[in-house]
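**Q** Can you read through this structure? Questions will come right after.
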Amino acid sequence: GDLEYQMSTTARAKRVREAMCPGMAGEDSSLLLATQVEGQTTNLQRLAEPSQLLKSAIVHLINYQDDAELATRALPELTKLLNDEDPVVVTKAAMIVNQLSKKEASRRALMSSPQLVAAVVRTMQNTSDLDTARCTTSILHNLSHHREGLLAIFKSGGIPALVRMLSSPVESVLFYAITTLHNLLLNQEGAKMAVRLADGLQKMVPLLNKNNPKFLAITTDCLQLLAYGNQESKLIILANGGPQALVQIMRNYSYEKLLWTTSRVLKVLSVCPSNKPAIVEAGGMQALGKHLTSNSPRLVQNCLWTLRNLSDVATKQEGLESVLKILVNQLSVDDVNVLTCATGTLSNLTCNNSKNKTLVTQNSGVEALVHAILRAGDKDDITEPAVCALRHLTSRHPEAEMAQNSVRLNYGIPAIVKLLNQPNQWPLVKATIGLIRNLALCPANHAPLQEAAVIPRLVQLLVKAHQDAQRHVAAGTQQPYTDGVRMEEIEEGCTGALHILARDPMNRMEIFRLNTIPLFVQLLYSPVENIQRVAAGVLCELAQDKEAADAIDAEGASSPLMELLHSRNEGTATYAAAVLFRISEDKNPDYRKRVSVELTNSLFKHDPAAWEAAQSMIPINEPYADDMDATYRPMYSSDMPLDPMEMHMDMDGDYPIDTYSDGLRPPYPTADHMLA
């Protein structure tokens, strides 16, 4: 056994001696066999005779049997060789260190020598020889699989040097450099900042035009690690054409890992106000939509979140028919995240887009949304966007009436009315009020709405909202937002819904019996024009019944109504005139004459049709102020400034939902070995 061992070690020594230093092994070169890396021999043969220093280092190397000890003894010599002025010596030394870095034991010895690692880094960034560049990047790549190796690279200034290597024309050098940077970004504290300071992003984004899917998967994951939670990085990616290149990858590749890592970058960028339009304009919605039917759940989920985040700036995008159909189908799943994204995206894409509203309605979208609400229970993240989407689908498009009927036929009315109950969040309550107002436009919905006790609930909410608003008026304080909703919006919404419901005689009676007239008359004095309009509108409906007309008069409504005849809002003035006509019918001639004079002096003298409408009590179907969008204020993560948007006092307009920030969802865990 001892003899065999001795022979094998002697043979190994000869092989190494012959490989590293031709001419030192004597005549017997027959043992120069398969242990050599393909192509290495010819490279070495091409090199000039190595220096005597290198020869003595190799003699030392092959006399040690233990790899770690062998490497440790040789390190000082190898470090000197890497710093040699002769490029031939440097190249040969780099090859030896590269071989050592491939073995576990000797690799540990290498990374425990800061001098050697620094010499490798210095050699890498100074060399113009492609073989040396390949060997040195390979060494750092091998060391980067260990924490000690990462720290040694980091401390030796390896990050700026590796970033510089991203300009190399050699594919293998690029691959080693990006993979080493990726390992640093994942596991080395301070690496992200160092890469940013070395302008790493500016070098990485152009690499997205390469066509190796595995290389692209690592590059995109580097971008995600750098951009997550860092607004400046997101803007650098944008400035270097990142959104367009990322969308192109989503469009052209099928490698799941690459699609997943790319979708993660897009998800992070999709909460940046500057990147969002760029992604959408590059065709991002359509490219992401392609993968909603993938059999990779993690890819589907990322695409859904990204679509959800982008959707509020994509309301005018064409070519989303297939995406909308898939989103409607997604409403039937039970996964909370999927439902949150699907409802939110549908809500935004149906915002002020008649074509999308019609398409969703025709593809059973109303039914699917109602069922999602019935299943969601108390999950506001699903219920609120679903209600918003239904509110959009039930107004201002050719199939709106079909949608209004569909909510009833799918047993949605009782569940929707229940959402008015406190302590539901105010944004959900506000959206529900707008939906109920739209449902009331359909006469067939009046009975089920009444059975669900919608009128007492609306009146109760109106009273509460009015009391809150009055408290702030009395205190002279500006009314705050409650969860992004002002009480004035609830006042307007409830009154507007009651106005439409009051078209039905039974509902009119119930509204009157709940002693609402004093409150409606008070609302005529509101400084908010929209509230004046809906208050005059509901009084116009109630005044059709004599008992109610008398009650309106008894509350002293004539004075504010006379003022409102001069309102800039034609609808308000028309409603006010109609109420005044009704309550003046039984009055003495002097009173009627005064009303007539006021009317003559108001805008009606220029508008015979409005005069006629007021006299004949025709319900006026003016657009209910929903041609304007009222948007929620966007919520961003703490690393970005909160940017409150102007809120329009509009209860039943379509409005996009704010984006989810990348800070609101934890980052997905990233595997060290991306390509396993």
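Each Cβ is built from the backbone N, Cα and C atoms, and glycine gets one as well.
Source: prediction; values computed, not measured.
Quick paste of what TrEMBL says about this protein:
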REPEAT    73-113  repeat 'ARM'
REPEAT    115-158  repeat 'ARM'
REPEAT    157-199  repeat 'ARM'
REPEAT    199-241  repeat 'ARM'
REPEAT    241-284  repeat 'ARM'
REPEAT    322-364  repeat 'ARM'
REPEAT    364-406  repeat 'ARM'
REPEAT    411-454  repeat 'ARM'
REPEAT    515-557  repeat 'ARM'
**Q** Tell me the residue counts in helix, strand and coil for the repeat 'ARM' (157-199), as DSSP assigns them.
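**A** Across the repeat 'ARM' (157-199), DSSP assigns the residues as follows: 32 helix, 0 strand, 11 coil.
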**Q** How do the residues of the repeat 'ARM' (411-454) split into helix, strand and coil according to DSSP?
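**A** The breakdown for the repeat 'ARM' (411-454) reads 30 helix, 0 strand, 14 coil.
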**Q** Summarise the repeat 'ARM' (364-406) as counts of helix, strand and coil residues per DSSP.
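**A** Per-class counts: 33 helix, 0 strand, 10 coil.
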**Q** Given a Cβ distance threshold of under 8 angstroms, which distant residues of the chain, six or more beyond its ends, lie next to the repeat 'ARM' (411-454)?
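**A** Here the qualifying positions are 370, 373-374, 380, 383-384, 387-388, 390-391, 394-395, 400-401, 404-405, 461, 482-485, 489-490, 493-494, 496-497, 500-501, 503-504, 506-507, 510, 624, 632, 651-652.
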**Q** Which numbers of helix, strand and coil residues does DSSP report for the repeat 'ARM' (515-557)?
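**A** Final tally across the stretch: 30 helix, 0 strand, 13 coil.
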**Q** With DSSP, how much of the repeat 'ARM' (73-113) is helix, how much strand and how much coil, in residues?
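**A** Counts, helix then strand then coil: 33 helix, 0 strand, 8 coil.
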**Q** For a three-state summary based on DSSP, what are the helix, strand and coil counts in the repeat 'ARM' (241-284)?
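**A** Per DSSP, the residues of the repeat 'ARM' (241-284) fall into 33 helix, 0 strand, 11 coil.
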**Q** Can you work out the mean pLDDT of the predicted model over the repeat 'ARM' (364-406)?
**A** 96
